[in-house]
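> Before we start, here is the structure in question, set down as structure tokens.
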Amino acid sequence: MRILITNDDGVHSPGLRLLYEFASPLGAVDVVAPESPKSATGLGITLHKPLRMYETDLCGFKAVATSGTPSDTIYLAAYGLGRRYDLVLSGINLGDNTSLQVILSSGTLGAAFQAALLGIPAVAYSLHAQDWEEVLKNREALEIMKAVVQKSAEFVLKYGLPHGVDVVSINFPRNMKRGVKAKLVRAAKFRFAQKVDRRVDPRGSSYYWLYGTDLAPEPDTDVYTVLVEGQIAVTPLTLDLNALNTDRKLDAEALAKLVRYINEAI
């Protein structure tokens, strides 16, 4: 089995290293990731300039850094390196990727969706945290993430994604401890109230910052599960945006099996 690992936080992110370490026992692993952070790039690909790839040593393992977006890395790995992948793992992202509002702009999910477009099963992992220093001190949380990554990846390699699912998004809560459980939940529509902050530079020209303020989480969604309940949200996603498609049916039994598979490990 060959696994491709990527992210949107950049090739030097601790989350990428963790994902590599967690996934390595499952098969041959390639790491191809952006050379610098590319958050909120969604499914964006680079068409207006050439892309570069170069090998880099990340203190014990080799990775390929690219000048492109997370979505570009999928194309470059599949076609530039000419390799065939059984699974793509994207993450572990610093910051949760909950709600459709965030999912549709996320580079972490963008890479996973790009893999799905190429017919490769994909799982994206994100963590509700503000800095890696806090996370890396929590050995209990690291062991939980390791178990979830290994079991979810193992499940997809063994059984494939459940029918009707193109990507699985897994969001970890902050400060996880033993007893935490994975829950199968849908994505909320919104996570933030969108804001624009207009400012004026010393020359009198306007410039703008985009930001958001937290909304009250909607129950029975990924946002509520992670932020309020402190549990792990497992959210199946589909690429099919066609409103006229009434034929797509989810394999609920297989999805429930995936969550059981994860919970048995934590």
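Numbering starts at 1 and runs along the chain as it is shown here.
From the backbone N, Cα and C atoms, a Cβ is placed for every residue, glycine too.
Annotation comment: Swiss-Prot describes D8, D9, S39, N93 as divalent metal cation binding site, evidence class sequence analysis.
Provide an account of the burial state, proximal residues and distances for the features listed.
Taking the Cβ of S39 (divalent metal cation binding site) as reference, residues of its chain lying under 8 Å away and at least six apart in sequence are, in sequence order, D8, D9, S106, G107. Secondary structure at S39 (divalent metal cation binding site), as computed by DSSP, is coil.
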> Using a 10 Å radius around each Cβ and counting other Cβ atoms from all shown chains, which of the binding-site residues D8, D9 yields the largest count?
D8
> Using the recorded divalent metal cation site (D8, D9, S39, N93) as reference, state which further residues of the same chain have their Cβ within 8 Å of the centre of those residues' Cβ atoms, listed in sequence order.
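So the extra residues in range turn out to be N7, G10, S13, G15, P37, K38, P70, G91, L94, G95, S106, G107, T108.
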> Tell me, how many other CB atoms lie within 10 A of the CB of N93 (divalent metal cation binding site), whichever protein chain they belong to?
27
